């Protein structure tokens, strides 16, 4: 089918033909405040401007005789700028005389393709071809002196058919704006539109057909909207709006981007210097040349700081797979596999649905039984909440045992903030320069929006309150998890200290937190009549309300964290417990049944048969805690030696470095996904094969990015903490400390500390290598 250019030209021709028969007395389209932008010119003055560049043969005269009167009227009524009018005349002249640059503009513009009935809503055209079009100066200047340096300009136009809509109220439709690209969640506002082909009209009027149009850059975005409005004046069932235009210009660096670039350069310098110093000292040790000259270097504060940034040492620490008898090896596997599950869910959830060419097929694919493991991937986050509660409680209680019940709260909080924040700040800082690293038809929607949110709300993210403050424009949308986890961590001493001093009272307090985190989401869900979770249902506006009201709030998500604290206390008291085979079988069966029911038990709901409000509230209240109970059994069974082949698999040494990289993999993977779809030049065919292919690509790239970021920032800042807050180092020794009501080992617990191991929360799994648990 012809391009939008031809459609616009034909529409102009029709307008001229009709108006010639009726007289030219119809009202002209005008834009508010145009007189403040373009000086008024009479029709004669505009005609003079046009005639300066007129020197064409009879081929172009036929077209121009129809188009020029309308262009002149638009120009004389100040609805088109003089540059745009002259540029369009040059374009028409070049087109009718077969100029290569004019043909490239036509070729680069999108053409309507097959697949409309399958839900294809984007026709992108040739983005790079358009931006590389350059009109020769002699042609541009021959029309008007103001047309120097004219080149191709890629514009995105959204066409919205005014066709019958289904399951959409007038109020909801009024909230849709043409200058906003609608996401996949908004597609669901069409209700059954994704389930049957008969409602495709409703879906199209929500999402809009996005078309890439190439025009000379002499026309502004405002000019293009004037042209569209006039061209489609005789087609009342269609509304059109140009939402953005861009040219092939080099972006100008802002002050913030310059600052971040300088800081990254200084970081790179530190990494180079630290690595060179480390290699030099290691060579001296290997050759035995560790004389008195090396001692002052090692003892100086500057050298200690530089060595913290050694890529060589930090890389070795990440890749180290040595374990000790205290290592909870299965936690590495649980952590990494849960991370891959999060990434799998986001692979599907973070797709650019505007670019999918078969949305109708995608809707049917996502309703099959196997897809439930993707649609219910949100419980993987509860696994991390469980692990966080488990490790914080386990390590903190052991630290208190070693220190005779003392817990330094300032160090407790400082350590957590210091460990999590530098990598977090690195990713936020990266978004400042990320926005200029590439471009594409969907770059603004996938990347610039995220970068703008970080520009405005970075402070709320770094203070770990982004799930409460400006949550609709959260910087790093997945950062809500870290806000929750930090908020749980702040509250944990209210549970841990009583557990150490008065175990029964402390366990009761933990249970009350668990009870509150169970009742609250159920009540909120019932009062607001929400679906069982925020991935079910058809009203997207309410689903997003549920996301912000329940999904991201700590008082609704603390249940698994509390279960982790219970599990940690159980292991501290009964690490060497022996479970009879019959009870092992019962435990495994209950855990598997519990977790499978959480994932697959809602299959009828996934097909649209939602439960009653009471059942939905009950599920919302209990399913996350139920999932964490299954994970608790898995953890306890593996740590106490009852995991069998499951423990052997999860303790695979390859999972150790991958587990250490989980935190930065979590932080970086959405940026990898947004970057890919932001710079995509074509549409995306949705299928499980393509999605899984993307998943493995994202996984590899995200882990690689995480390794670089860990070596550059996470590892150095962990080492800097030991320089800033030096602690007493001991050779390997054993210390027996009491714990109330402890029955094993004659009422005491043996804590082993080596000069490589860090006490307390410095060593979350009691291994020689640090690993982060915070997803």
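Here the Cβ of each residue, glycine as well, is placed from N, Cα and C on the backbone.
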Among ranges 459-479, 480-500, 585-605, whichever one TrEMBL labels transmembrane segment: 585-605
558-573, 606-621, 734-749 - the one TrEMBL records as transmembrane segment: 558-573
Transmembrane segment according to TrEMBL, located in which of 530-548, 625-643: 625-643
Among ranges 210-233, 234-257, 258-281, 282-305, whichever one TrEMBL labels transmembrane segment: 258-281
Cβ contacts under 8 Å made by the transmembrane segment (655-675) with residues that lie 6+ beyond its boundaries: 318-321, 323, 329, 331-333, 335-337, 339, 342-343, 346-347, 350, 420, 423-424, 427, 430-431, 434, 437-438, 446-447, 450, 476-478, 481, 698-699, 701-703, 705-707, 709-710, 714, 767, 769-775
Cβ-based contact of the transmembrane segment (695-720) with the transmembrane segment (369-397), 3 or more pairs under 8 Å: no
Long-range Cβ neighbours of the transmembrane segment (417-437) (under 8 Å; 6 or more residues past either end): 251, 253, 256-257, 260-261, 263-264, 447-448, 450-451, 454-455, 458, 461-462, 475-476, 479, 482, 486, 663-664, 667-668, 671, 675, 709-710, 712-714, 717-718, 721, 772, 774
Closest-packing stretch to the transmembrane segment (558-573), where packing means Cβ pairs under 8 Å, from 258-281, 369-397, 625-643: 369-397
Ranked first among 258-281, 585-605, 625-643 for CB pairs under 8 angstroms with the transmembrane segment (369-397): 625-643
Reported mean pLDDT - the domain 'Nose resistant-to-fluoxetine protein N-terminal' (81-247): 71
